[in-house]
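Feature annotations, reproduced from TrEMBL:
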- Glu165: active site, proton donor (ACT_SITE)
- Glu351: active site, nucleophile (ACT_SITE)
- Gln18, His119, Asn164, Tyr294, Trp398, Glu405, Trp406: substrate binding site (BINDING)
Amino acid sequence: MVQFPEQFRWGTGTYSYQVEGAAHEDGRGESIWDRFCATPGTIVNNESGLVACDHYHRYAEDIALLKQLGVQMYHFSIAWPRIMPTGRGPVNQLGLDFYDRLVDALLEAGIEPFATLYHWDLPQALQDELGGWANRETAYAFAEYVDVVTKHFGSRIHNWLTLNEPAVTAFEGHEIGIHAPGARDVRLAWQTTHHFLLAHGLAVPIIRANGDEKTRVGITLNFTQLDPVSDTPEDVAATRFMDGKMHRWFLDPIFRGAYPADVVKHLGDYVPKTETGDAEIIARPLDFLGANYYTRSVIKHDPTAFSEYPSVDVEGVEHTEMDWEVYPRGIYNMLTRLHREYAVPRIYLVENGAAFADAVNPDDTVDDPRRIAYLREHLLQVHTAIAEGVPLAGYSVWALLDNFEWSEGYRMRFGIVYVDYPTQKRIMKASGHWYQKVIASNTVH
Ligand SMILES: OC[C@H]1NNC[C@@H](O)[C@@H]1O
């Protein structure tokens, strides 16, 4: 049994496009994910976030679940297309009204809102008019949107995350093409990474100016344990590059003020175009780093590869429904690395969880022992990292609800609460009841 620190905060989360639904309600504008999902063949079963978990209408019920869990914090994202339906200019009051209802209900429940300003649902109008994140102008449009939102919520929301997982939306959305907007252009993908980081840096002083003495600002980056399939120089170099692409390309400009030289060298003339002053904007000091961890990838050299090296499947070890290896030690490695190599002032673990093939029993319960085991093993590693001095202030399990898992649609269930989509009925899974006890006791057995 391990005891977590006295002030340690426990949470869970969702994100706008994955749970809200109400895609055509109350003035919400079209997002690039609405458009992407409408393209046949992009999403399993051609599903979309049009209805999702109907959280837009059921948020009060979902907050009651948060209260039942006993969480101290709740991660959610604000949908830019609800606030500014065309991405710039006119503000949609009904969009602000929804998040007013959500935030006020969270505060009433004694739950700290942790708001992410952008989780992938770019207004389609900006994709049409500017080319989306390919265009530097979109970073400035983001800053305008952030000003509107933080002016409105700055006295009630004190923990802000500018972006969630920019690496994923940059590369899966613009290089691999399995995420919105579905581009397949290596040069474009790397250029978007710079515009995401610029957008982040532009937002930081705006959030602070519109906040108060309690306002804290961060960004959430995703981390995967990366190991070479062998110790040959080629496999080791391929792994080092992927660590650069997925991790150091974002950590270094934010915490060290420059892109990692080895990746810049590798990219050659594919390196993103930047402007004087960008590096200082991106490196503006943060109060904390949000970090997501799920799994390990074992990387293999490929002579034909340039920007993406393949991973190999590891036989004989547990995998989740996403075919992700269960590798708890990786969360310890990530946390201690951030502390050791980047001296991050404070860290919140924003996402950690697993998709398993959950099913409802005849008595309306859901047994998910594999998720309990996954969470327990990762939390034991988290505790070890804290004991070694990592400034981890809180942990949030992904996710509160089963939800729209992007290109996988609804077949992947990450929730500690089961969602029966045809009826929208919520059922707390065994892992939810287990997590409730962890929070109440602040210990993991
Ligand atoms: O794949 C699980 C999660 N990963 N991070 C971003 C979220 O939107 C995903 O659901």
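Don't overthink the numbers, they just go from 1 along the chain as shown.
Placed from the backbone N, Cα and C atoms, the Cβ positions cover glycine too.
In this structure, the C-alpha atom of Gln18 (substrate binding site) lies 14 angstrom from that of Glu351 (active site, nucleophile). Using a 10 Å Cβ-Cβ cutoff, Asn164 (substrate binding site) registers 24 neighbours. Between the farthest pair of Cα atoms in the substrate binding residues (Gln18, His119, Asn164, Tyr294, Trp398, Glu405, Trp406), the distance is 18 Å. A C-beta separation below 8 Å, combined with a sequence spacing of at least six in one chain, links Trp398 (substrate binding site) to Thr12, Gly13, Asn292, Val350, Glu351, Asn352, Gly353, Phe414. Under DSSP, Asn164 (substrate binding site) is assigned to a strand (E or B) in the three-state scheme. When Cβ atoms from all protein chains are considered, those within 10 Å of Gln18 (substrate binding site) total 26, not counting its own. The recorded positions in question are Glu165, Glu351, Glu405, and the one with the fewest Cβ neighbours inside 10 Å is Glu405.
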